[in-house]
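Q: As annotated in TrEMBL:
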SIGNAL    1-21  signal peptide
DOMAIN    53-166  domain 'DOMON'
DOMAIN    170-364  domain 'Cytochrome b561'
BINDING   His209, His242, His274, His310  heme b binding site
TRANSMEM  210-231  transmembrane segment
TRANSMEM  238-263  transmembrane segment
TRANSMEM  275-294  transmembrane segment
TRANSMEM  315-333  transmembrane segment
TRANSMEM  339-362  transmembrane segment
Amino acid sequence: MKAFIGFIIVFIFGLSATVNSQTDSCSSTLNLQNVNLPFDAASLNCFAVWDAHNYILRYSQTLSNLWTFVLSAPAANSYIAIGFSSNGQMVGSSAIVGWMSPTGGEIKQYYLGGTSPNLVEPNKGSLQIGSNFSLFTSQSNRTYLGFQLETNQPLSRLIYAVGPDGLLPVAPNFRLTEHSDKVSTSINYITGQSKSSANSPYSRLRKSHGVLNMLGWGILMIIGVIIARYLKPYDPLWFYLHGFIQSFGFIFGIIGVLCGFALNNKLNADVSTHKSLGIFVLVLGCLQVMALLVRPEKESKVRKYWNWYHQGVGRILIIFAVANVFYGIHLGGKGKGWGAGYGVVISILFVTAFILELRLWLRK
């Protein structure tokens, strides 16, 4: 029992460490393996430019008329892009787009002449790309889009975008599908200070919505069920642990749902299925709390029916919560990294429950 409690503590803290380890950091110098950089990597300025998708931009003025840019993002089966705009709008801007094809990294310039796909033209644009450095590579769960621009001063209004999962440009026309998410910013190349458009302040709200719901409904609730199922011999310890963890899961879940409602009011996005599933999970959670208020005594004849109800609703809640977390990761354009990470967490919990269930049956 002590080992199991220790596992829960280590697991929760380890989860935080795992998430952090997947994020690029400006605290270290750019180090790309098997890539000869024609510039001093230590001279690159580094800033987090899009928190919602963990975009990191490094840049420097290599020569008086040559600027170097390296954009990094979590590895995913989608394109990443950085556009240079005179007015902060996508239409009329030129963008550098990179993706990983079956034959290796691809990078192209696109001219965004309009909103329809046929007006987004590959190999066109106003950017003068240098010939000494151009790459798209994937290393350590991150993708890196690097290029140089021949200009005295790049445009300061930058647009970042991420493509839909699995829809990559292919030969011969290299048609670019509509992005799944974007943000428009302005940057001061001297100070590195970046200001985002009106859409960007919601990135933290969206991240809070996802993390709180994942942790509350999708992880802590499962741990609480495991405790209630397999620590019954340690009465009343199991009861207090179960109540403590489920309470925190419920609180985190409610805050996460409220963040989702606030986000839905601010963004023009069709997330009706995700929203409906979230409301359904919230209702089930509230029913569980209400059931505690009418819980019969152990000696009561209806106690077993109450147990069936409590256990059944809890299991349904977890099934729909886990499904909605995965669906939310898909809607948020987080790519395979977040989905795989959460999948590993669920797998660990499932294997743990399976082993404990097997031990329980062997003891009978």
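Glycine residues also receive a Cβ, built from the backbone N, Cα and C atoms like all the rest.
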Q: Mind pulling out the one from 210-231, 275-294, 339-362 with the most Cβ pairs under 8 angstroms to the transmembrane segment (315-333)?
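A: Answer is 210-231, with the largest number of Cβ pairs below 8 Å.
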Q: What residues in the same chain, six or more past the boundaries of the transmembrane segment (275-294), come closer than 8 Å to it by Cβ-Cβ distance?
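A: Hits for the transmembrane segment (275-294): 213, 217, 246, 250, 253-254, 257, 260, 264, 306, 309-310, 313-314, 316-317, 320-321, 323-324, 327.
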Q: His209, His242, His310: which of these binding-site residues has the highest Cβ count within 10 Å of its own Cβ?
A: His209
Q: For the heme b binding residues given in the record (His209, His242, His274, His310), what is the largest pairwise C-alpha separation in angstrom?
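A: 28 Å is the greatest Cα spacing among the residues binding heme b.
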Q: With an 8 Å cut-off on Cβ-Cβ distance and a minimum sequence separation of at least 6, pull the same-chain contacts of His274 (heme b binding site), or say none.
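A: In sequence order, the residues whose Cβ lies under 8 Å from that of His274 (heme b binding site) (at least 6 apart) are Asn324, Tyr327, Gly328, Leu331.
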Q: Just to be sure I understand, if DSSP states are collapsed into helix, strand and coil, how many residues of the domain 'DOMON' (53-166) fall in each?
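A: Breakdown, helix to coil: 4 helix, 70 strand, 40 coil.
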